[in-house]
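Read through the structure below, which is laid out as structure tokens, and then see the notes.
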Ligand SMILES: *Cc1c(COP(=O)(O)O)cnc(C)c1O
């Protein structure tokens, strides 16, 4: 039988895929570094970075080589076996963090699901079954499984799916008194993002994180850092908690970790893991050799002085360009974030124009994200070069000119 290749377009999405997304009007077919090309050959500069995932840009040659090499050795084994890439990646994560144990999964939500289950299981084994309360924060995002979406602080994502898991309460981010009001001896964990990513690129203050640590110690609760968006170099240190000098009990990673290959990890310590027996949790694909070999290469490249200090430099370059743009257009209330997770907060009079601005940017050939309702989010490759930054910002300037002149 002769198979004929059918041309797929953006319209095909509306016929074929569950409409839980509304993708941009073009279909990218190729990427290199921070540039993307669509089906018509139009080129874009990509500041969306696959939503903070393609940490080394598109099709990094070293990652391509790693993937190709591993694909000729072994793709998948399951948890009936262990494998060398998973062990090497675990060793690497442990040697560069507070952790002494690692669990691998495939997405951010799964890493958080494992973290929340572990926190409750640990409390049930070391205290009692009633110690199951999880405190998280309004506006937070922890994934889309039913447990993680319930822990997340945005009801629009968790309502209308039937009864939610019990024992979850939300406090105000960066407001320690609201935590003090609800924490008690039945609290098993507090989970927090060090920068609320989806919620609008809002960094946690140092004193807030310090006080969360103290409260967790006082009430014998575990402190969980969701570093799925901030981890693996995004903020200029390998892990964002290193800016705070505070150590969590559990830390979750995903996004940047695989540079575009699906993988996530939950990091914790021997003390907490000591109560675990085989069988209490698991996943078929977790620790997949292809994913782990790519992630190992990602960390090898990112965990170097050159790349990590480059992140801070690129932050400054981008903010410099944004300030020039703002001098001309006076649209930005604030530029916030850390490293290459940047939020441009629009002034209230133009926050309803955010989609108009982003569409105009697309026409000029530059891609941004949103976060919250009035924030333009940038999460580009950690090795985006100066030419791409300057040209991308020029395109942004022209896009605003077309919107506002
Ligand atoms: C993206 C994200 C998640 C969810 O990750 P998925 O891979 O989409 O499941 C969880 N927490 C944070 C902070 C995130 O940014």
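Glycine is no exception: its Cβ is also placed from the backbone N, Cα and C atoms.
Given the structure is predicted, the values throughout are model-derived calculations rather than measurements.
Quick look at what TrEMBL lists:
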type: BINDING; residues: 108, 109, 141, 226, 227, 228, 229, 284; note: pyridoxal 5'-phosphate binding site
type: BINDING; residues: 144, 283; note: N(2)-acetyl-L-ornithine binding site
type: MOD_RES; residues: 255; note: N6-(pyridoxal phosphate)lysine
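Projection of TrEMBL feature records onto the structure.
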residue : record                               : DSSP class
109     : pyridoxal 5'-phosphate binding site  : helix
141     : pyridoxal 5'-phosphate binding site  : coil
226     : pyridoxal 5'-phosphate binding site  : strand
255     : N6-(pyridoxal phosphate)lysine       : helix
283     : N(2)-acetyl-L-ornithine binding site : coil
Residue 141 (pyridoxal 5'-phosphate binding site) to residue 255 (N6-(pyridoxal phosphate)lysine) - Cα separation in whole Å: 14
Recorded pyridoxal 5'-phosphate binding residues, 108, 109, 141, 226, 227, 228, 229, 284 - maximal Cα separation rounded to whole Å: 25
Annotated binding-site residues 227, 283, 284, filtered by Cβ under 6 Å to ligand 1: none
Residue 228 (pyridoxal 5'-phosphate binding site) versus recorded positions 144, 255, 283 - nearest by Cα: 255
Nearest of the binding-site residues (144, 227, 229) to residue 255 (N6-(pyridoxal phosphate)lysine) - Cα to Cα: 229
Most crowded position, judged by CB atoms within 10 A, among 229, 283, 284 as binding-site residues: 229
All-chain count of other Cβ atoms within 10 Å of residue 228 (pyridoxal 5'-phosphate binding site): 28
